[in-house]
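*Asks:* If you scroll down you'll find the structure; I have some questions about it.
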Amino acid sequence: MSDERRLPGSAVGWLVCGGLSLLANAWGILSVGAKQKKWKPLEFLLCTLAATHMLNVAVPIATYSVVQLRRQRPDFEWNEGLCKVFVSTFYTLTLATCFSVTSLSYHRMWMVCWPVNYRLSNAKKQAVHTVMGIWMVSFILSALPAVGWHDTSERFYTHGCRFIVAEIGLGFGVCFLLLVGGSVAMGVICTAIALFQTLAVQVGRQADRRAFTVPTIVVEDAQGKRRSSIDGSEPAKTSLQTTGLVTTIVFIYDCLMGFPVLVVSFSSLRADASAPWMALCVLWCSVAQALLLPVFLWACDRYRADLKAVREKCMALMANDEESDDETSLEGGISPDLVLERSLDYGYGGDFVALDRMAKYEISALEGGLPQLYPLRPLQEDKMQYLQVPPTRRFSHDDADVWAAVPLPAFLPRWGSGEDLAALAHLVLPAGPERRRASLLAFAEDAPPSRARRRSAESLLSLRPSALDSGPRGARDSPPGSPRRRPGPGPRSASASLLPDAFALTAFECEPQALRRPPGPFPAAPAAPDGADPGEAPTPPSSAQRSPGPRPSAHSHAGSLRPGLSASWGEPGGLRAAGGGGSTSSFLSSPSESSGYATLHSDSLGSAS
């Protein structure tokens, strides 16, 4: 008891240092949060470690200091409940600190050695799960002495509060020693690997400027809303600073807490007794490491924030004005065809669609009634890359009824000219099992074989909505149909304004794969009248004034349109040989001054419109 009476002399120092550590760690957490726009795994682990230090000096160390000061009075002594609370909280926070430092070093090694795998493996979620596991294991093991896992012959709370592991019990002491020793060893190994890899990369970057870098990838939906993002490679200076900070934290912890706790625990278990110097060593080391962590955070320029930034962060937190960060990293590989810089703004109206003929396109699927046209632009390493997630991909869990899951756009009831674009996308889309069933183009797979005319140039004649096939009565009595709920095949016709003699969508060497079909023979047809363009359909006498009745059948136009369909239109040279130089250039006019897009003009393709 005389040795324990020397402990109250250090209680005042513990309280003062504990108060300073509490304020410093709180400032460190605010500084890290103010310097970062969103929470990242490494910053999250640093803040968790600082919060663990705050709890350690606020609960067990403060409790022990106050009790030691109160013990100077003869009428006060430790009781069983207070001693159990102190032992459980102290060892819980000691183990949590040890595991947090090891997790910090492991995440840094993972990020430095395997940067792509680290960014694609949802490291943020793994860091959260790691912290939850750390606290669960630490609490379960440290709470066992309070419920009976201790030496029953002489309990640790009978004479004062002897919290060294040898006084608690042999089983608890061995488990605690193994956990702390293994965690310290793993932290040292991970830190050494991360430091070596960082220095090697720095030397390699100086020797080779073409070092591999991970691009910053931002995931957005079809409406442009940011869903998630993947951070790119760190700059050389930032990477070196962060690795140096983690190395310093691990080194200081091992020197001030890891190895001293191992030495004290092993010595007490070997001697089966505890000494006053053991309690003094463990408590002072805990306070010292809690004081040094904010100093290291302030020394790193990446996490050093001024008073103004911290004040703005606090005001944003109190006003709940901070944007909600629901972004999560991708949980797997990224399909290369989804990596886009941005989606193309497409125009819609009447019988034309605006296209940029200087870009290469692919018509992915009908989402919301119109094909989405994406420019395939070359990836740039110094810019963010964007992933476009279509609505049906996001609602893939409810693809039984895609019309109920995806809100229909306002222009969908006007299915007349919109279906022309649908059939156009059907012609150039590749057929096969890779087509998504949730897409609106799935109606083409359910059609009878008589409608599957993708290999013939006359399939361009199937551009007519089903509402016109049923006559004026059916068009008035029934709402406009959708591609998935359209009735079976029937005689259909199309406007001649969409039929050029040569289908020049873009530069032919950049055409989609569906347009690269081998040339096939076409049936002979009467020649075009004199004075008319070979690729232009002859205008019937009644075409100047449209009749309100239904359009004529497709067979009535086939004969007049076949002369303009060249048998060699699948070859690059066939674009000029089919209808001369006028038809190809008139199909895509020059870009306008306002938008810069080329426009499909119906008056240059025929006179039926």
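Even glycines carry a Cβ here, placed using N, Cα and C.
Worth saying up front: this structure is predicted, and the values here are computed from it rather than measured.
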*Asks:* Asp306, Ser10 - same side of the membrane according to Swiss-Prot, yes or no?
*Replies:* no
*Asks:* Pairs of Cβ atoms less than 8 Å apart decide it: which stretch in 12-32, 85-105, 127-147, 176-196, 244-264 has the most with the transmembrane segment (42-62)?
*Replies:* 12-32
*Asks:* Go through 127-147, 176-196, 244-264, 277-297 and flag the stretch with the largest number of C-beta pairs under 8 Å relative to the transmembrane segment (12-32).
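*Replies:* Stretch with maximum Cβ contacts: 277-297.
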*Asks:* Should anything in the same chain at least six residues away from the transmembrane segment (244-264) have a Cβ under 8 Å from its Cβ atoms, list it; otherwise answer none.
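*Replies:* Beyond its ends, the transmembrane segment (244-264) has Cβ neighbours at 42, 49, 94, 97-98, 101, 104-105, 108, 164, 177, 180-181, 183-184, 187-188, 191, 194-195, 278, 281-282, 285-286, 288-289, 292-293, 296-297, 299-300, 302-303.
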*Asks:* With DSSP, how much of the topological domain 'Extracellular' (63-84) is helix, how much strand and how much coil, in residues?
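*Replies:* For that range the per-state counts are 13 helix, 0 strand, 9 coil.
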*Asks:* For the topological domain 'Extracellular' (63-84), could you work out the same-chain residues 6 or more beyond its ends whose Cβ comes under 8 Å from its Cβ atoms?
*Replies:* 5, 7-8, 10-12, 14-15, 18, 90, 145-146, 156-157, 160-161, 163, 283
*Asks:* For the topological domain 'Extracellular' (265-276), give me same-chain residues lying six or more residues beyond its boundaries with a C-beta closer than 8 angstroms to one of its C-beta atoms, as numbers and ranges.
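*Replies:* For the topological domain 'Extracellular' (265-276), the list is 3-4, 6-7, 162, 164-167, 170, 173-174, 176-177, 180.
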*Asks:* Same chain only, please: residues at least 6 beyond the ends of the topological domain 'Cytoplasmic' (33-41) with a C-beta under 8 Å from a C-beta of the stretch. Say none if there are none.
*Replies:* 47, 107, 123-124, 126-127, 231, 302-305, 309-310, 312-313, 325, 327
*Asks:* Which numbers of helix, strand and coil residues does DSSP report for the topological domain 'Cytoplasmic' (106-126)?
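*Replies:* Helix, strand, coil within the topological domain 'Cytoplasmic' (106-126): 18 helix, 0 strand, 3 coil.
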